[in-house]
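Report on one structure; see the data block that follows.
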Amino acid sequence: MAESQVERFTFQAEINQLMSLIINTFYSNKEVFLRELISNASDALDKIRYQSLTDASVLESKTELEIKIIPDKTAKTLTLIDSGIGMTKTDMVKNLGTIARSGTKNFMEQLQSGAADISMIGQFGVGFYSAYLVADTVIVHSKNNDDEQYVWESSAGGEFTIALDHTEPLGRGTKIVLHMKEDQLDYLDETKIKNLVKKHSEFIQYPISLLTIKEKEVDEETTAKEGEEESTDAKIEEIEEEKEKKKVKVQEKEWDVLNKTKPLWTRNPSDVTKEEYNSFYKSISNDWEEPLAVKHFSVEGQLEFKAILFVPKKAPFDLFESKKKANNIKLYVKRVFIMDNCADIIPEYLNFVRGIVDSEDLPLNISRETLQQNKILTVIRKNLVKKCIELFNEIAENSEDYKKFYEAFSKNLKLGVHEDSQNREKFADLLRYQTSKSGDELVTLKEYVGRMKEGQNEIYYITGESKKAVENSPFIEGLKKKNLEVIYMCDPIDEYAVQQLKEYDGKKLVSITKEGLKLDETEDEKKKAEQDKAANEELLKQVKDVLGDKVEKVVLSTRLANSPCVLVTSEYGWSANMERIMKAQALRDSSMSSYMSSKKTLELNPDHPIVRDLAKKAAEKSKTFKDFVYLLYETALLTSGFSLDEPSSFASRIHRMIKLGLSIQDDSSATTEESTNTTTSDDIPPLEENDEPSEMEKVD
């Protein structure tokens with residue numbers, strides 16, 4: 001082939017790094033390369049078969065859909081041939097080197113940190129490059145119906161070549177030739193290849209044939225004549241020719257089909273072993289680990305379909321990436337593969353569930369467009385959700401298994417609560433939370449309701465950034481004092497879930513950080529509350545005057561025990577935690593933010609010494625009253641989970657209060673600078689000083 005016909009390309013940087021990592025790092029389980037190449041071949045066959053459902057002529061170039069494996073110990077090569085869709089020249093450039101998949105960088109990072117194993121390479125969309133675990137040179141011949149036959153070649157030196165292929169025509173499909181490394185020649189052994197296919201690819205639905213060399217004994221006929229002359233004399237004994245049979249060993253090439261197993265989902269579940277389920281799961285998922293749980297069932301009646309659903313042990317790295325495929329359910333119609341990314345077959349919040357669905361009722365030539373309006377698919381979807389919930393409840397019967405499941409997929413369950421109104425209560429049953437009484441144990445909502453105090457009609461919860469933040473929150477003080485249990489919700493997605501989960505088992509869910517919290521009071525407590533209100537009326541008015549529009553109102557609190565004050569939000573607005581989450585959203589709707597983060601209510605604890613002394617200062621018209629009010633307001637923002645709009649002003653205020661407490665006199669320049677800093681906001685005046693003794697001492 002003339003050099004001018006060969007085009008050279010440079011690997012995209014991330015691909016080059018990945019190949020370098022694969023080649024220069026020692027991995028013990030190199031055998032994954034065969035699984036990955038067979039999986040890619042199966043995908044290519046799926047694509048051409050799907051095309052053939054609407055255009056039978058695409059198979060004319062090659063009618064058989066199959067995968068062939070040819071080991072050659074003499075040439076030290078391993079060849080895989082499939083009659084799939086094949087690649088055009090453009091496909092080769094795109095798929096084999098210049099464009100990295102979305103997971104390439106992520107995979108390399110996890111591989112280097114030890115968080116991922118080389119066996120997980122297929123999950124990241126870069127399984128082809130596992131060939132370099134065992135080969136130093138890879139040659140790919142490919143023919144697509146829409147292009148000429150091309151050959152791709154690379155020895156992983158940072159570049160690859162593509163040229164027109166003038167070797168044996170493929171008709172259609174792809175042939176990959178691996179030139180094996182000297183220390184990897186055992187992968188050319190027939191027995192090893194058979195074992196690997198059985199282990200990883202037994203349930204690939206296309207025949208996988210291995211070219212084997214078999215020794216056979218054949219008969220070699222020799223004719224021996226007894227007596228050197230043959231006489232026709234009747235008296236002479238007739239000499240019979242005797243055929244002496246001699247065994248001779250000859251070598252013959254034969255194709256052995258390695259995957260003769262009947263499709264697993266068509267068999268009776270009671271006849272399928274755990275090992276078969278595990279093997280099938282690995283073949284469809286690219287997961288190296290066994291599944292956590294499996295559900296094998298069939299639906300009969302007006303609608304018929306069979307399905308196997310699996311729950312993985314770990315969440316995939318890209319579980320919530322917007323560009324990942326909608327789900328991992330493969331759709332078959334009458335044992336014919338149709339597609340593996342049908343968005344309507346299962347809700348997006350269950351996108352971690354893997355498996356297959358084989359329908360008897362959908363038309364074979366159905367397209368993605370008509371599938372979206374298909375009523376049969378709607379019924380299948382409802383059944384799959386129902387069976388998934390059953391499967392999750394089965395996992396919950398084993399606390400250790402459910403702990404693993406919940407750590408990996410609790411966000412998906414909470415999305416189910418948020419999105420699925422029909423099954424909201426069922427998903428709520430699957431939720432687990434720590435509470436103010438549970439320690440490190442997780443409890444169900446059912447368990448919480450079961451141990452509610454007599455007369456308690458509401459489920460109390462608090463949302464926050466972490467368990468430590470919520471268990472030390474001032475909001476929880478009053479409920480702890482009354483021995484009321486509070487649920488800790490520390491996952492950002494909890495905020496969305498409780499927006500839809502208004503009640504559980506007839507009990508309303510109430511946020512203890514919002515208005516509307518009503519705790520049972522004794523007659524003495526009610527009487528005291530009236531007295532406190534009357535005694536602090538002037539204080540509440542003056543605090544509101546100082547803070548102005550920063551708060552909607554100032555009231556006395558019934559939810560505080562040890563803290564002087566707290567800021568609560570309206571019952572139907574955002575909590576402080578939700579406000580924090582929304583501020584972190586780059587594409588948030590600012591108009592919605594200003595509407596939902598409504599005015600806050602400042603609640604004061606009438607029994608706290610700071611508030612009592614503040615009431616005296618209000619009555620005395622003290623010059624430092626405003627300063628203390630602002631400090632209380634700003635510290636309440638922090639302890640209630642809000643962020644400060646002007647942290648520098650708050651810091652200046654604290655510094656000045658420290659100086660006041662230590663009786664340190666500001667020098668004029670510092671005073672001027674501080675004054676400039678603290679008057680940047682018209683709303684927050686600077687600290688006012690007077691000639692009285694330390695005001696901090698008076699507060700103490």
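Cβ coordinates are placed from backbone N, Cα and C, and glycine is handled just like the others.
For PHE128 (ATP binding site), the count of additional Cβ atoms within 10 Å of its Cβ stands at 21 [all protein chains shown]. Here Swiss-Prot flags ASN40, ASP82, ASN95, PHE128, ARG368 as ATP binding site.
Per Swiss-Prot, the feature compositional bias 'Low complexity' maps to 666-683.
According to Swiss-Prot, the feature compositional bias 'Acidic residues' maps to 685-694.
The region 'Disordered' feature in Swiss-Prot is assigned to 665-700.
Taken from Swiss-Prot, the feature motif 'TPR repeat-binding' applies to 696-700.
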Any same-chain residues 6+ apart from ASN95 (ATP binding site) with CB under 8 Å of its CB? Would you list them in sequence order, or say none?
MET87, PHE128
Position of peak Cβ density within 10 Å, selected from the binding-site residues ASN40, ASP82:
ASP82
In three-state terms from DSSP, label ASP82 (ATP binding site) for me.
strand
